[in-house]
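Annotated in TrEMBL:
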DOMAIN    190-229  domain 'EGF-like'
DOMAIN    241-281  domain 'EGF-like'
DOMAIN    293-333  domain 'EGF-like'
DOMAIN    345-385  domain 'EGF-like'
DISULFID  356-373  disulfide bond
């Protein structure tokens, strides 16, 4: 469509960009003209092309127009190939309308009317209250269609419409199939696959959640998702959880002196307080063999320590350490069993001549006539002056993490317990969220397993047309 002259083809100036005009040579003269590609001038807005549109949203243009990029980088609705913009209404109609005289719309007698043809495109102008079908060229109620023609020729296939009988029973219109609903933004007909079990492959026990594009399957509480592809297609195989611990001791491998703890994947065994875990593979299969804790140091007949050695009770046994002033003749192979008194009349390591802790080892240096106190292995040095006067206060090291009765960390498969000089620390394992009441000062006491709500479908993002992104 030619408008004016005097524009610059090279600089593309002199034309009204708001009307999507470009400068081109027509008969060797620079002229403002509508660009090719279906951007015919609209008779009502005088713009080259239709309304502005969103290329990511196919239904942002009226049927049958397409969202095309303009020479200036924006997008406008344009007539597709073999269509042209009608000079009176501005709608895109088929360029071939040879069937108008023979193919007439099947309408009731009260809706038919005379037809006026436009001489420019040889198309008809519909009377008030009627609309022109851009593909068939027939007049009828707005949105009407001809059921004798293919639905894809009459209705907008981008919106998945079908030519169906109107509720009045007098004519046909482009509608969604029964059971479908239109998306509020795109107007696309959406099918609810969850209404009919034949339309989805969710497990019978799973919950079907309808989405705009498809559907989600979610295994309910009390069921484990054993689907072959639980990330992309969850809820296809839901297996009911079994509480092995509630079935009785015969259904578990736990020791009679162990507690059975039910988990999502099965169960674990934990030796009861006052028992030590001596299972062959305690790290992966705990609570299979539990032995009652015994303080071997409480009675002489329960240990083999030398009379001049200290007996130190441990979690699963005991240790012997020769007293200060005694030498261990078998310190590396069998410590604390052969203790011999050191004969040094002037040694400050003799009993009563030093301030070492009774459990500490006294080391005398004859060259300086000084001594040093050293807390033995498995003892913590709690001396006031650890730099200048160590070994004055030696406290037995008790591994609280080895005995569940001595620590308050969450279950071993939920949290990690670490012994420290001051006691122990707890921290939740990877994949668990710390929800301890006092997470700042006492973490790892209560750990909750993280769930990917996006995979399980336990979210309502789809209701608002959003995308679910999992967070901690």
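The backbone N, Cα and C atoms fix where each Cβ goes, and this holds for glycine too.
For the domain 'EGF-like' (241-281), the list of distant contacts is 222-224, 287-293, 315-316, 402-405, 411-413, 449: same-chain residues at least six beyond its ends, Cβ to Cβ under 8 Å.
Beyond the ends of the domain 'EGF-like' (293-333), by six or more residues, the same chain brings 274-276, 278, 339-342, 347, 349-351, 354, 356, 358-362, 376-379, 396, 398-399, 402-403 to within a C-beta distance below 8 angstroms of the stretch. Taking Cβ-Cβ distances under 8 Å and a sequence gap of 6 or more within the same chain, the neighbours of residue 373 (disulfide bond) are 354, 355, 356, 357, 360, 361, 362, 363, 383, 389, 390, 391, 392. In the three-state DSSP classification, residue 356 (disulfide bond) falls within coil. Other Cβ atoms within 10 Å of the Cβ of residue 356 (disulfide bond) number 27 in total over all chains. Here the domain 'EGF-like' (293-333) is broken down by DSSP into helix, strand and coil counts: 6 helix, 13 strand, 22 coil.
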